[in-house]
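These notes are about the structure you will find just below.
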Amino acid sequence: MNEDPKVNLSGLPRDCIEAGTPENISAAVPSQGSVVESEPELVVNPWDIVLCSSGTLICCENAVVVLIIFHSPSLRAPMFLLIGSLALADLLAGLGLIINFVFAYLLQSEATKLVTIGLIVASFSASVCSLLAITVDRYLSLYYALTYHSERTVTFTYVMLVMLWGTSTCLGLLPVMGWNCLRDESTCSVVRPLTKNNAAILSISFLFMFALMLQLYIQICKIVMRHAHQIALQHHFLATSHYVTTRKGISTLALILGTFAACWMPFTLYSLIADYTYPSIYTYATLLPATYNSIINPVIYAFRNQEIQKALCLICCGCIPNTLSQRARSPSDV
């Protein structure tokens, strides 16, 4: 009898296999009722744990923003509606990451895979579209500074919200409606069950929106520099003060756009060039920074906002600190 220690076809420990030798046959099979099948050990991918933890942090942060905007009647301006849309999208994205972890290890089925990927695609798409809508709102509020705050602006904001959530929902429904690779693995992208074509459309759409945001922020920088120069002339500020204020505004815009690109660009480019045959570690390594964007968004767009800070202080302690009530708005607050 030739025994190969490298092959274990039964899936049982080695001492159970050795019990099947002739000298141990009586001990190996005492009776039919005493045979116990061993259950396969559940192995959890550390990357999935990190993604689930990231989703939990995303949910906690953005839930606070959603509650603040919903609870405060004063936060009903178009800007806060768009910030609320961004927070809601990121909240759903974090929830999707948590559900994906639960379904992947407890309720594995084709239906749960499609529902989870649909939720994640729709929520992250809504998040990116909300960022673009916020950029458009900032540009228009500076370009039409005297006439932007009107009923017409509110209507335009609602139209943008309906369009971005409608488009994002359609993108999320594509895998559920049949555009997936569950039946043909050769068409899979780096994120199963998304097809390669589906991932390419999402990536190209992101690059288009990033280019549009870049162009808008360049125009915003020009407007901020012009406004800061006019304010300096009217109030007889020193050139140094004008330079510092303008530099702060441009630095803020560079931080916003740079963070967005650093988080999403690696996964976007990787989705275009890679497919399901590539090692999954590359997918995790590029997808994880994309989730960090939803962690950073509340800090950049919500918690830095003076009105949201006031509302948060009112909810938590019932008062507004003097530093917030006396702070003047400057051109760097864009």
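Keep in mind that glycine also has a Cβ here, set from the backbone N, Cα and C atoms.
Across all of the topological domain 'Extracellular' (1-48), the predicted model scores a mean pLDDT of 50. Sequence annotations record features per position, and here Swiss-Prot assigns topological domain 'Extracellular' to 1-48 (among others) based on sequence analysis.
Swiss-Prot lists Asn8 (among others) with the feature N-linked glycosylation site.
Residues or ranges marked as N-linked glycosylation site in Swiss-Prot: Asn24 (among others).
The transmembrane segment annotation in Swiss-Prot covers 49-69 (among others).
DSSP labels the residues of the topological domain 'Cytoplasmic' (70-78) in these numbers: 3 helix, 0 strand, 6 coil. What Swiss-Prot lists as topological domain 'Cytoplasmic' is 70-78 (among others).
Note on the transmembrane segment (79-99): residues 51-52, 54-59, 61-63, 65-66, 69-70, 116, 119-120, 122-124, 126-127, 129-131, 133-134, 137, 141, 157-158, 160-161, 164-165, 168, 291, 294, 297-298, 301-302, 305, 307-308 of its chain, located 6 or more positions outside it, place their CB under 8 angstroms from a CB of the stretch. Swiss-Prot lists 79-99 (among others) with the feature transmembrane segment, giving sequence analysis as the kind of evidence.
Same-chain residues lying 6+ beyond the ends of the topological domain 'Extracellular' (100-113) with a Cβ under 8 Å from its Cβ atoms: 42, 44, 48-49, 51-52, 55, 120, 182, 192-193. Feature annotation from Swiss-Prot assigns topological domain 'Extracellular' to 100-113 (among others).
What Swiss-Prot records for 114-134 (among others) is transmembrane segment, and it gives sequence analysis as the kind of evidence. Within the chain, the transmembrane segment (114-134) has long-range Cβ neighbours (under 8 A, six or more residues past its boundaries) at 79, 82-83, 85-86, 88-90, 92-93, 95-97, 99-100, 103, 157, 160-161, 164-165, 167-169, 171-176, 180, 182, 191, 193-194, 202, 206, 209, 212-213, 260, 264, 290, 293-294, 297, 301.
According to Swiss-Prot, the topological domain 'Cytoplasmic' annotation covers 135-158 (among others). Distant neighbours of the topological domain 'Cytoplasmic' (135-158): 77-79, 81-82, 212-213, 216-217, 219-220, 223-224, 227, 334; these residues of the same chain sit at least 6 beyond its ends, with a Cβ under 8 Å from one of its Cβ atoms.
Same-chain residues lying 6 or more positions outside the transmembrane segment (159-179) and placing a CB less than 8 Å from one of its CB atoms are 81-82, 85, 89, 114-115, 117-123, 125-126, 129-130, 132-133, 136, 193-195, 198, 202. Annotation source Swiss-Prot lists transmembrane segment at 159-179 (among others).
Helix, strand and coil residue tallies for the topological domain 'Extracellular' (180-199), in that order: 7 helix, 2 strand, 11 coil [DSSP]. Positions annotated as topological domain 'Extracellular' by Swiss-Prot: 180-199 (among others).
Positions annotated as transmembrane segment by Swiss-Prot: 200-220 (among others).
For 221-252 (among others), the entry in Swiss-Prot reads topological domain 'Cytoplasmic', with the evidence type sequence analysis.
Residues or ranges marked as transmembrane segment by Swiss-Prot on the basis of sequence analysis: 253-273 (among others).
Summarising the annotation, Swiss-Prot assigns topological domain 'Extracellular' to 274-282 (among others) and lists sequence analysis as the type of evidence.
Residues or ranges marked as transmembrane segment in Swiss-Prot: 283-303 (among others).
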Proximity of the transmembrane segment (283-303) to the transmembrane segment (49-69), 3+ C-beta pairs under 8 angstroms: yes
Beyond the flanks of the topological domain 'Extracellular' (180-199) by 6 or more, those residues with Cβ under 8 Å of it: 110, 113-114, 117, 121, 174, 270-272, 274-276, 278, 282-283, 287
Long-range environment of the topological domain 'Extracellular' (274-282) - Cβ separation under 8 angstroms, sequence gap at least 6: 47, 181, 185, 188-190, 192, 196
Residue counts (helix, strand, coil, in that order) that DSSP gives for the topological domain 'Cytoplasmic' (135-158): 17 helix, 0 strand, 7 coil
Close approaches to the topological domain 'Cytoplasmic' (70-78) from elsewhere in its chain (Cβ under 8 angstroms; 6 or more beyond its ends): 84, 137, 149, 153-154, 156-157, 307-308, 311, 314-315
